[in-house]
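Below is one structure, written out as structure tokens; the observations come after it.
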Amino acid sequence: VLSPADKTNVKTAWGKVGAHAGDYGADALERMFLSFPTTKTYFPHFDLSHGSAQVKGHGKKVADALSNAVAHVDDMPNALSALSDLHAHKLRVDPVNFKLLSHCLLVTLAAHHPADFTPAVHASLDKFLASVSTVLTSKYR
């Protein structure tokens, strides 16, 4: 459960992402594909090369979903319900992949905002991304 301090940290950190959200989403996806090559199997139709328009497009979708989760941090199950259905029933993404992408998102945010990535912010973002992952995998059961 996110504390009030966690929610503040997440909103502040994500606010600094701003217009870079799509780029950071794509960066995190590229990191995931390079670090965890098995994740590429979910994107057989994508050009996975650096800077690919498809990776950038999906990175924007990831970032938009996270922006939605931040905006509805107190009601993520409803805010992410359609996305949870999509990943569970149509795409059938292995739930472990959400943890892998979450890790890569943390690395991306730390790389782009090192001065702001304090231990407290890191912990809050980690808890937030774990909550998002839990919501996205809730329809698997």
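In case you wondered, yes, glycine gets a Cβ from its N, Cα and C as well.
Because the structure is a prediction, the values reported are computed rather than measured.
Over in Swiss-Prot, the protein carries these features:
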- 1-141: domain 'Globin' (DOMAIN)
- Lys7: N6-succinyllysine (MOD_RES)
- Thr8: phosphothreonine (MOD_RES)
- Lys11: N6-succinyllysine (MOD_RES)
- Lys16: N6-acetyllysine (MOD_RES)
- Tyr24: phosphotyrosine (MOD_RES)
- Ser35: phosphoserine (MOD_RES)
- Lys40: N6-succinyllysine (MOD_RES)
- Ser49: phosphoserine (MOD_RES)
- His58: O2 binding site (BINDING)
- His87: heme b binding site (BINDING)
- Ser102: phosphoserine (MOD_RES)
- Ser124: phosphoserine (MOD_RES)
- Ser131: phosphoserine (MOD_RES)
- Ser138: phosphoserine (MOD_RES)
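Feature map: annotations from Swiss-Prot on the structure.
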{"residue": "Lys11", "record": "N6-succinyllysine", "Cβ contacts under 8 Å, 6 or more apart": "Val70, Val73"}
{"residue": "Lys16", "record": "N6-acetyllysine", "Cβ contacts under 8 Å, 6 or more apart": "His113, Asp116"}
{"residue": "Tyr24", "record": "phosphotyrosine", "Cβ contacts under 8 Å, 6 or more apart": "Val17, Gly59, Ala63, Leu105, Thr108, Leu109, His112"}
{"residue": "Ser35", "record": "phosphoserine", "Cβ contacts under 8 Å, 6 or more apart": "Leu100, Cys104"}
{"residue": "Lys40", "record": "N6-succinyllysine", "Cβ contacts under 8 Å, 6 or more apart": "Phe33, Leu48"}
{"residue": "His58", "record": "O2 binding site", "Cβ contacts under 8 Å, 6 or more apart": "Gly25, Ala26, Leu29, Phe43, Phe46"}
{"residue": "His87", "record": "heme b binding site", "Cβ contacts under 8 Å, 6 or more apart": "Val93, Leu136, Thr137, Lys139"}
{"residue": "Ser102", "record": "phosphoserine", "Cβ contacts under 8 Å, 6 or more apart": "Asp126, Leu129, Ala130, Val132, Ser133"}
{"residue": "Ser131", "record": "phosphoserine", "Cβ contacts under 8 Å, 6 or more apart": "Leu2, Met76"}
{"residue": "Ser138", "record": "phosphoserine", "Cβ contacts under 8 Å, 6 or more apart": "Pro77, Ser84"}
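Around the Cβ of Lys7 (N6-succinyllysine), the same chain contributes Val73, Asp74, Ser124, each under 8 angstroms and 6 or more positions distant in sequence.
Neighbour counts of Cβ atoms within 10 Å were compared across the modified residues Thr8, Ser49, Ser124; the minimum falls on Ser49.
Looking just at the domain 'Globin' (1-141), the mean pLDDT is 94. In this structure the C-alpha atoms belonging to Thr8 (phosphothreonine) and Ser49 (phosphoserine) are separated by 36 Å. Secondary structure of the domain 'Globin' (1-141), assigned with DSSP and counted as helix (H, G, I), strand (E, B) and coil, comes to 110 helix, 0 strand, 31 coil.
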